[in-house]
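Asks: Okay, here's the structure, questions in a sec.
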Amino acid sequence: MKALSKQESRAGIWMVDTEVPRPGPNDLLIRVKKGSICGTDVHIYKWDEWAQKTIPVPMVVGHEYVGVVAAMGSEVRGFNVGDRVSGEGHVTCGHCRNCRAGRRHLCRNTLGVGVNRPGSFAEYLVLPAFNAFKLPDDIPDDVAAIFDPFGNAVHTALSFDLVGEDVLVTGAGPIGVMAAAVARHVGARNVVITDINDYRLDLARKMGVTRAVNVTKEDLWSVARNELGMTEGFDVGLEMSGSGPAFAQMVDVMNNGGKIALLGIPSGDVRIDWNAVIFKMLTIKGIYGREMFETWYKMAALIQSGLDLRPIITHHFGIDDFQQGFDAMLSGQSGKVILDWEKR
């Protein structure tokens, strides 16, 4: 089969021929239809410090996809050949304290599809059946292909009550924009998103945010106070950028008793005003991945109740043009980029 693999310890991704993997007794063999390029894949492509420490070479990469069940292990129940599926990319151990307590998203022994085990940028993927999510018929393939990052957005956005609240999202990458759209969909009063990339702020506007702010050109607090009538600060903060200055600004503009969910990963140490955290009595919660599988059920329900993610998908390429897809991601002038394994 064809696959995209990190073949060498340098920048780049390579198309290779490799054997079709064999499912174990508890696994599904999934024929991949479409995949999406994640920021993690870009880190691996660029071979940055994190990738060098984390990724064994060679490794088939990718973890955002939609496909159909091609074969099943002998012990698999609840699936049929031909079922349309996506899947949870965090493969957990099942025997640690958190797994046994039903908190699998907190497993200390998690392996990542396309990171520590073979990924979904391939014609076929083997995945534990436990990790597969059977897709409703009314969720289109393009949207299903981005369910993994959508799950990050949903997990982050729904960490706190949003109904009637003023929400600040820092970072207008695809996950940040989707988190902002979730907040609007479930009833937040104002949803403000900040970034320094005008292209992605325009995507956020298309997804329905109340206000998109380029912090190099406008003052965030002036916009909130003078345009939106906010006098006390934001109630909920969703930090999606990994930017130290963005996080510091978020802490500064939160209302007393505000709640912050952190998904963005900083590249180094970040300084914030801990006195503000204490005296404002802020709650800060770290987010990683998706809750298994509560987040997945909520994702499907949000789409089925009318949340439209299609504007965040900006590019489509046949798999033979994968390099163009990575170039689009690297440019910063894209939303989600779809690679189609059925289009050569």
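Start at 1 and count along the chain as shown; that gives each residue its number.
Each Cβ is built from the backbone N, Cα and C atoms, and glycine gets one as well.
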Asks: ASP195, ARG200, LEU263, GLY264, ILE265, ILE287, TYR288 show up in Swiss-Prot as binding NAD(+); which entry in ILE175, ILE278, ILE303, ILE313 does that record put in the same site?
Replies: ILE175
Asks: Run through the Cβ atoms and count how many others sit within 10 Å of the one on CYS93 (Zn(2+) 2 binding site).
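Replies: Summing over all protein chains shown, CYS93 (Zn(2+) 2 binding site) has 14 other Cβ atoms within 10 Å.
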Asks: About how far apart, in whole Å, are the alpha carbons (Cα) of HIS43 (active site, charge relay system) and HIS63 (Zn(2+) 1 binding site)?
Replies: 13
Asks: So for ASP195 (NAD(+) binding site), how many other CB atoms are inside 10 Å of its CB?
Replies: 26
Asks: So which other residues, same chain and not among CYS93, CYS96, CYS99, CYS107, have a Cβ within 8 Å of the centroid of the Cβ atoms at the Zn(2+) 2 site?
Replies: THR92, GLY94, HIS95, ARG97, ASN98, ARG100, ARG104, ARG108, ASN109, THR110
